[in-house]
Amino acid sequence: MVQLNQDFIKSIAKDMPAHLSMDDFISYSSKPLRPSIRINTLKISSQDFIALMAPKGWTLEPIPWCQDGFWISLDSDVQLGNTVEHLQGLFYIQEASSMLPPIALFSTKTDKAEHTILDMASAPGSKTTQIAAMMDNSGLLIANEYSSSRVKVLHANVLRMGVSNTALTHFDARVFGEYLYDQFDAILLDAPCSGEGTIRKDPLALNNWGLAENSAIAETQKALLESAFLALKTGGSLVYSTCALSKLENQDVCEHLRSTFPEAVEFESLATLFPDADKACTDEGFLHVWPQIYDSEGFFIAKITKTCDVERQKPEPKRQKNFPFTPISSKVELELRQYFKQTFDIDIPTDDMLMVRDLEYWLFPAGMKTLIGKMRFQRIGVKLADGLKKGFKARHEAIVALAEKSTGYELSQAQAIQYLMGRDIPLVDGGKPQGELIVTYHGSALGVAKHLGSRLKNTLPRDLVRDKIADSDASTTA
């Protein structure tokens, strides 16, 4: 059994609702988490994924608050993260409770196609990619991460999941209220926290728990929430979430925001967000998810509406200069569109921005037009292709983000494994060479290969090549 920090137990006992049992909390904290996944609807429907994986022994139990989330039971010890289906972005390994904040963000049905949304603390990318899927890759999603090493992980997951409507930033998120004041239709602040709710995943999470440290964390959370509120448009929605359990990092932080902007802050009740949500609902309408309620990680979710204008707290910063991208010429645009259509049967979206930098051709979300110059961006949209002396060379990320389902040369599982291990694929009766083409598995793009007649020449980027791939219906590896 996990040995819980006794100072933590004494402190959390004051915050636990009277109808919940500390014995149950300790018991559930000692149990391993049920593994859970979220199906990536940018690439496959949940119905099709379930039908696809059932013959492989995957039993999927619906998570009540996320229609694309499932607890998973397997017939054998499959290494989920090393399966072809995971590497090609058909699903994300995501804890069930962490699917709640994006669901709360979109609890009110709105037209997301025109929305500009901010994910203030994004890495590793589970909620960012969930939001992008819920937006169906439309609109604009700004994904920020303060840690430089975690930005790389975030980008890798955005690429793997086929997300194209996102721009990445690398800032202390306290700057957003200043630089992008009154800019966003919706904001998710999944704030850095003490991690009290993650004990089932990380038995060492509470080893260094201390009230003084948590109080310092709460002050940072308050500053981040104020920044988010200033960056939010009037009438917009803000979700504040943590994987902490104490009121100090949750209710108290939200109450601080209301006391700071009393006329503008309204708490929206989440009591009807999903069946039995009321079991975790507080008097304020927040969801305070304790591990024993839904057999999950601990989590906190609050939804806040900005009901009236709030004055800018600092003068508007000077515009950023020397933006390195320029719009491509109409001639090059036509050639680029023809190349993608004729070679890969891909129609480049017409509403987005086609930009160039040093013979690199990029697709920016249309919503970026109003943000260029206001802030520096780490990476915007999708890199489509590199310019050659004659023609173009498509980039892997463009193919996996823009290719339609079932467009390409379908591989068997054995061939897909060989492809992801960077190997060429021999062909029997391959016919005449066909040049560049998309290779797919389960009808979803894996990448590009060059058809040489007798084999498919592998062009997978070296940083994506894996030494071992797990069989998704057994624990053996190739």
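Just so you know, glycine gets a Cβ as well, placed from its N, Cα and C.
Features of the protein shown, as given by Swiss-Prot:
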| type | residues | note |
| --- | --- | --- |
| ACT_SITE | CYS243 | active site, nucleophile |
| BINDING | ALA121, SER122, ALA123, PRO124, GLY125, SER126, LYS127, GLU145, ASP172, ASP190 | S-adenosyl-L-methionine binding site |
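Positions of the features from Swiss-Prot, shown on the structure.
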residue: ALA121; record: S-adenosyl-L-methionine binding site; DSSP (3 states): coil
residue: LYS127; record: S-adenosyl-L-methionine binding site; DSSP (3 states): helix
residue: ASP172; record: S-adenosyl-L-methionine binding site; DSSP (3 states): coil
residue: CYS243; record: active site, nucleophile; DSSP (3 states): coil
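Least crowded of the recorded positions (ALA123, LYS127, CYS243), judged by neighbouring Cβ atoms within 10 Å of its own Cβ: ALA123. On a Cα basis, CYS243 (active site, nucleophile) lies 13 Å away from ALA121 (S-adenosyl-L-methionine binding site). ASP172 (S-adenosyl-L-methionine binding site) sits 20 Å from the residue listed as 'active site, nucleophile', taking the Cα positions as reference. Looking at CYS243 (active site, nucleophile) and GLY125 (S-adenosyl-L-methionine binding site), their Cα atoms lie 15 Å from each other. Counting other Cβ atoms within 10 Å of each Cβ, the lowest count among the binding-site residues ALA121, GLY125, ASP172 belongs to ASP172.
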